[in-house]
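One structure below.
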């Protein structure tokens, strides 16, 4: 595979007479050869920072992005929304299937167009007319919605919980902004140190999730039976589906939160110019991370339901992991040490997201879609994308500081997730178009066609879902489709 990665993306056998198809962007129905300048832009290029990311660093870059605050914060919110354990677990499994479909699309694109930029590169290559439309939309989405506010908030909540400090708005937001600021400085001024720290935190995060799984197993095996003879709180029989909320609007918002927990499986594609053996690494790292996350998420959710009564889970909001640790290990270790580990996990996620999005912003600046491109695209003076980090820092700071804290976490996840489905629909449909219009492109990975179609159907369903009112009104003071309107508006 390594030798093939240096071959051109266009097959040597392709010629103008070999195809009578009309390419995307053709005019008057006549065949147009793709612009060589565009092909050269998409070919692998030498990174200004060098190919320094190994397989293990790439794996940590992905798994640390995937295992963020989601599995520690969203299960309680999801159960409260959908009502039952059965539907909650089903949505986590469905989320894994949908994530696999999305990953297949991303892998076909990423192996076909192996350079940094991710979805930005894929959409630019596929949708060339109107000129700069795809680039502009991705630039707006990356700058305005490419923030890491949610994990900063979870870091603040778990840190304050561990030290038993009252979580006022000012204290919570100050701590979140402080984390964001420190990480921006580290990645902007000490690039190698930042990579080493995020690798270390990534392994801590994986170890913490595995530890939670075995903790749940320990409770089942060794915990004395209660007065009713049961060792766990996991419901049985018909109780698994009791109080289920079957509204599609409610299910869709819960799915957005599940998607958030699987987000980042293609994170390495944003920095592919810095990865050794990019095509081979992209395929193996992404698939390994998906399998790891799917197994761990399923087992951790089961552990939550074993240890914590369902009513307490529904009231736990984003602190379900803290409640889990307190139930298993008591008020000292369970309420202080392990919640701090969850806070560090959230910090690790902020580090890898910031690392990747800063490079995406640098790519956007290099193409002139941001003001002062020479400044923001530069890697000076510390051989790090300091300009891209600043572009990422500003919207993240505003999202943390401006909204009220009460429902900010769930609202951020929904606002992030909705526009993502629009781009997911565009990339999936575009991949089918490229298969018919550009059969000449070399594809080291080929997604299953039914997976692409399934993803398209689900994207359409999820985009329509917010406008189906839930059966029970939300007590948040926010209209149930607000996140969709905000996402479309951005």
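Cβ from N, Cα, C; glycine included.
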Give the range, chosen from 170-190, 359-379, 380-400, that TrEMBL lists as transmembrane segment.
170-190
TrEMBL annotation of transmembrane segment - which of the ranges 447-468, 469-490 it falls on:
447-468
Range among 58-79, 410-431 that TrEMBL annotates as transmembrane segment:
58-79
Of 32-54, 285-307, the range TrEMBL labels transmembrane segment:
285-307
Check for me, if you would, whether the transmembrane segment (246-265) reaches the transmembrane segment (91-111) - at least 3 Cβ pairs under 8 Å, residues 6 or more apart in sequence.
yes
Give the nonlocal contacts of the transmembrane segment (58-79) in its own chain as ranges (CB under 8 Å, at least six residues past its ends).
85, 88, 91, 150-151, 154-155, 158, 198-199, 201-203, 205-206, 209, 254, 257-258, 260-268, 271, 275, 281-282, 285-286, 288-289, 292-293, 296-297, 300-301, 304, 310, 313-321, 342, 345-346, 348-349, 351-353, 355-356, 409-410, 413
When counting Cβ pairs under 8 Å to the transmembrane segment (285-307), the leader among 132-158, 170-190, 202-226, 447-468:
202-226
Between the stretches 91-111, 132-158, 202-226, 336-358, which one has more Cβ pairs under 8 Å with the transmembrane segment (447-468) than any other?
91-111
Counting Cβ pairs closer than 8 Å, which of 91-111, 170-190, 202-226, 336-358 has the most of them with the transmembrane segment (132-158)?
336-358
Sequence-remote contacts (6 or more beyond its ends) of the transmembrane segment (336-358), Cβ cut-off under 8 Å?
60-61, 64-65, 67-69, 72, 142, 146, 148, 151-152, 154-155, 158-159, 161-163, 179-180, 183-184, 186-188, 194-195, 197-198, 201-202, 204-205, 208, 264, 267, 270-271, 321-322, 325, 329, 385, 388-389, 391-392
